[in-house]
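Heads up: the structure comes next, in structure tokens.
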Amino acid sequence: MIIVITGTPGVGKTTVSLLLSQRLGLEYLHVSTFVIERKLYRSYDELRSSFEIDDEEVAKELNRYLSERKNVVLETVYPSLVDNADKVVVLRKHPKVLYDELKKRGWNDIKVIENVEAEIIGYVAQEANEWFKETCEIDVTNLSPEEVVNRILGNICDKPVDWLDLPDVQDLLLALDKIIS
């Protein structure tokens with residue numbers, strides 16, 4: 001069974017993926033670590049403190065790796081790197097809560113704002129929905145990691161989230177715009 005856990009940085013992918021893999025007795029794979037260990041990146045972006053990957057090369061190597069294994073919980077911000085999955089879960093988090101989480105990590109404003117804006121517009125969720133026939137979206141904002149795992153195992157999904165419908169998120173967007181202006 002290949003389970004993909006995806007979402008913007010800061011939504012809890014690592015914690016949930018590790019917990020899920022332990023509960024199911026499946027291998028855990030962090031795609032970013034996979035990329036770094038195999039040097040599947042083009043360069044390092046100092047401003048964003050992140051590696052720029054070669055999508056095609058990563059997808060090829062990742063899918064070759066997955067073809068040799070049948071029981072993996074895979075964590076990634078790039079769901080389209082995976083050709084086949086038995087279950088795809090998109091974790092979502094209220095943008096204000098996500099903003100606070102990313103700031104706590106000590107990330108610079110540009111990196112924080114880009115990731116919060118990606119969550120607001122549902123960038124990762126949209127990519128997952130375009131790439132896979134079925135996805136399960138879960139708003140993790142007020143859930144513990146254990147509750148999220150229980151929802152995954154129980155196949156309890158939320159309706160797709162549209163953060164732009166919320167006035168406080170619109171206010172947050174305006175505030176973020178002022179920071180980068």
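Yeah, the Cβs are placed from backbone N, Cα and C, and that goes for glycine too.
From a predicted model like this one, the values you see are computed outputs, not experimental measurements.
Taken from Swiss-Prot as is:
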- GLY10, GLY12, LYS13, THR14, THR15, ARG105: ATP binding site (BINDING)
- 30-53: region 'NMP' (REGION)
- 104-114: region 'LID' (REGION)
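Shown are the binding-site residues LYS13, ARG105; of these, the residue with the fewest other Cβ atoms within 10 Å is ARG105.
Just so you know, the Cβ of THR14 (ATP binding site) picks up 15 other Cβ atoms within 10 Å once every protein chain is counted. The Cβ neighbour count for GLY10 (ATP binding site), using a 10 Å radius and every protein chain shown, is 22. The residues of the region 'LID' (104-114), classed with DSSP into helix (H, G, I), strand (E, B) and coil, number 7 helix, 0 strand, 4 coil. Ranking the binding-site residues GLY12, THR15 by how many Cβ atoms sit within 10 Å of each one's Cβ puts GLY12 at the top. Residue counts for the region 'NMP' (30-53) under DSSP, helix first, then strand, then coil, are 7 helix, 10 strand, 7 coil. Taking the mean position of the Cβ atoms of GLY10, GLY12, LYS13, THR14, THR15, ARG105 as the ATP site, the remaining same-chain residues with a Cβ inside 8 Å of that point are PRO9, VAL11, VAL16, GLU101.
Secondary structure at LYS13 (ATP binding site), as computed by DSSP, is helix. A mean pLDDT of 94 is what the model gives for the region 'LID' (104-114).
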